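This is the structure I want to talk about, given as structure tokens.
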Amino acid sequence: VAAPAPLLALAVALRALNCVLVRTSFVPDEYWQSLEVAHRMVFKYPSFSCRLFVILNIHNYGYLTWEWANSLRGYSYPLIFASIYKVLQLLGKDDVQLLIWVPRLAQAVLAAFADVKLYSLVQHLENAETAKCVFFCQLCSWFTWYSCTRTLTNTMETVLTIFALSYYPMKGSKMGNSWKYLALVALAIVIRPTAAILWMPLVFSHFLQEQRKAELILQNCIPVGLVTLGTSLITDRVFFGEWVLVQLNFLKFNVLQNLGTFYGSHPWHWYFTQGLPVILGAHLPFFIHGCVLAPKRYRIFLMAVIWTVVVYSALSHKEFRFIYPVLPFCMFFCGYSLKHLKAWKKSAASFLLLSNLLPALYTGLIHQRGTLDVMSHIQQLCHNSDQSQAFVFIMMPCHSTPFYSHVHCPLKMRFLQCPPDLTGNENYIDEADVFYSNPLGWLNKEFYNDTLLPSHLILFNVLEQEISPFLALRGYEKTATVFHTHVPQGRVGSHISVYRRKAEMNH
């Protein structure tokens with residue numbers, strides 16, 4: 001069932017507005033696993049500043065995190081943004097603001113198409129009224145609003161999941177297309193290997209109900225698998241310079257070795273007690289009601305949600321975004337519930353809209369915005385005459401801010417490193433931890449010689465008092481204070497301070 005054009009126009013307009021109203025940072029991966037990689041792919045050695053490169057001794061205009069050095073990530077996803085950057089470069093429009101916003105707008109348009117696909121799917125499975133209710137729930141979801149325009153692999157996985165679902169051969173439905181849905185699932189797995197978890201029960205269920213099982217495997221599964229895996233292998237061969245199977249490395253690291261715990265661990269029940277209730281928010285009672293009401297044939301959707309959450313619960317490192325791809329399934333049940341509320345439908349819809357509006361606007365516009373706002377202070381250094389003398393040191397928990405993708409000029413920049421140890425050294429401590437154990441001592445040791453000193457320091461206000469002797473002695477003055485969050489925690493302060501070394505000290 002084709003969705004009406006006005007609906008698509010509405011979805012695109014809403015998601016474009018959504019994109020503009022999300023000015024905060026969520027997790028480092030939205031830059032470091034996509035835009036930073038893409039920026040380095042396209043602008044590795046920009047010709048416009050070769051002389052500057054020699055002066056600054058910058059060999060690579062960009063930075064790749066340890067995952068790329070160890071081939072845990074594939075280039076298929078960053079290639080999308082690299083293509084956008086390349087087009088902007090060829091048009092001579094590679095302005096830093098366009099490099100920041102065009103990828104996000106592209107993600108927003110994809111999200112809008114996914115919203116409409118969800119509507120069409122429900123309209124086919126049920127009717128237009130239920131489809132409208134599901135569509136409304138999807139557009140209301142505060143977490144979807146917060147995440148769907150971000151350049152995260154989880155976002156792309158969610159979009160591809162909705163697209164794949166729209167071709168999934170449901171029991172008793174004539175709409176399915178095995179080839180199309182399997183191709184989209186395979187693409188999701190190439191971009192984020194853990195997408196396989198969500199699709200296991202769905203593919204298995206399809207296999208059980210399929211009459212022509214051998215045909216399904218030989219004519220659909222194997223060709224689709226070979227083509228997508230082959231394309232992924234060739235793409236990574238081009239950029240890594242050697243044959244690597246990144247999906248295997250990714251699963252080995254995150255699942256078999258469980259090294260994700262380096263980034264924190266949570267109790268087994270976290271997704272059930274916090275993860276899912278938080279991302280569902282006010283939709284939670286509707287989800288539960290919808291699960292009880294929905295006919296038997298939709299149990300497979302619920303199974304997919306429960307199975308995914310259970311499997312992710314077995315891994316010790318947990319994040320809200322990991323279960324984002326189950327949200328469209330949940331919205332199906334929420335919409336089903338809303339449609340059957342009859343007399344209460346209008347009141348329930350108003351409640352959903354209002355209760356999601358506040359968290360959507362607060363998390364999108366206020367919470368954790370400083371790490372993006374501070375980039376404009378760094379961008380200004382690109383236009384200064386003494387750009388070659390500038391050296392920015394970001395003294396924050398590592399990967400707090402984006403990097404060259406949000407600066408787009410070959411400034412000398414540095415941040416605290418924190419790669420996990422892959423050699424099995426039990427006494428290993430990363431640079432960021434060494435720094436935070438004694439910031440003042442670290443700075444005095446690292447910058448023992450005045451010629452090594454950064455011209456600019458970016459730091460959270462919680463660090464200021466501790467390193468104030470260093471700042472005073474080396475002649476740093478505060479030039480800006482940027483708001484970051486109302487809930488500072490540990491190393492993350494409420495504000496970010498920008499310090500500049502006084503001119504007379506620089507000479």
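We count from 1, first residue shown onward.
Each Cβ is built from the backbone N, Cα and C atoms, and glycine gets one as well.
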According to TrEMBL, which listed range is transmembrane segment: 16-35, 76-95, 216-235, 456-475?
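Checked against TrEMBL: transmembrane segment maps to 216-235.
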Transmembrane segment per TrEMBL sits at which of 37-57, 268-288?
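When 37-57, 268-288 are checked in TrEMBL, transmembrane segment belongs to 268-288.
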Hey, which bits of the same chain come close to the transmembrane segment (322-338), Cβ under 8 Å, at least six residues off its ends?
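Contacts of the transmembrane segment (322-338) (Cβ under 8 Å, skipping residues fewer than 6 from its ends): 114, 118, 122, 126, 130-131, 133-138, 141, 143-144, 147, 154-155, 157-158, 161-162, 165, 194-195, 198, 271, 275-276, 279-280, 283, 286-287, 289-291, 293-294, 298, 301-302, 304-305, 308-309, 312, 345, 348-349, 352.
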How about the transmembrane segment (268-288) and the transmembrane segment (300-316): do they have 3 or more C-beta pairs under 8 A, pairs 6 or more apart in sequence?
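The transmembrane segment (300-316) and the transmembrane segment (268-288): touching, yes.
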